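Taken from TrEMBL as is:
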type     : residues : note
COMPBIAS : 1-36     : compositional bias 'Polar residues'
REGION   : 1-50     : region 'Disordered'
DOMAIN   : 23-83    : domain 'PKD'
COMPBIAS : 37-47    : compositional bias 'Low complexity'
């Protein structure tokens with residue numbers, strides 16, 4: 001940044017900003033496909049990024065867990081949308 005005052009004097013300064021890399025995530029399920037009523041375990045493996053990883057697992061838009069792994073029982077037959085978010 002450079003600042004110039006009313007008499008033409010200037011002052012310059014700069015700052016370096018480091019952008020951390022995004023984490024990479026891989027998810028696994030214990031069964032796919034499965035039968036209605038069975039419990040399915042989901043887990044994630046992360047790499048990259050910095051700091052603490054936070055988890056949000058969504059099934060069909062509803063948050064189901066904030067742990068790195070969890071189990072879920074699908075009560076009805078059909079296709080379900082799993083959306084894991086790590087940050």
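Every residue, even glycine, has its Cβ placed from backbone N, Cα and C.
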Residues of the compositional bias 'Polar residues' (1-36) by DSSP state, where helix covers H, G and I: 0 helix, 13 strand, 23 coil
Beyond the flanks of the compositional bias 'Polar residues' (1-36) by at least 6 residues, Cβ under 8 Å: 42-51, 53, 74-77, 82, 84, 86-87
Composition by DSSP (helix, strand, coil) of residues within the compositional bias 'Low complexity' (37-47): 0 helix, 9 strand, 2 coil
PLDDT averaged over the residues of the domain 'PKD' (23-83): 89
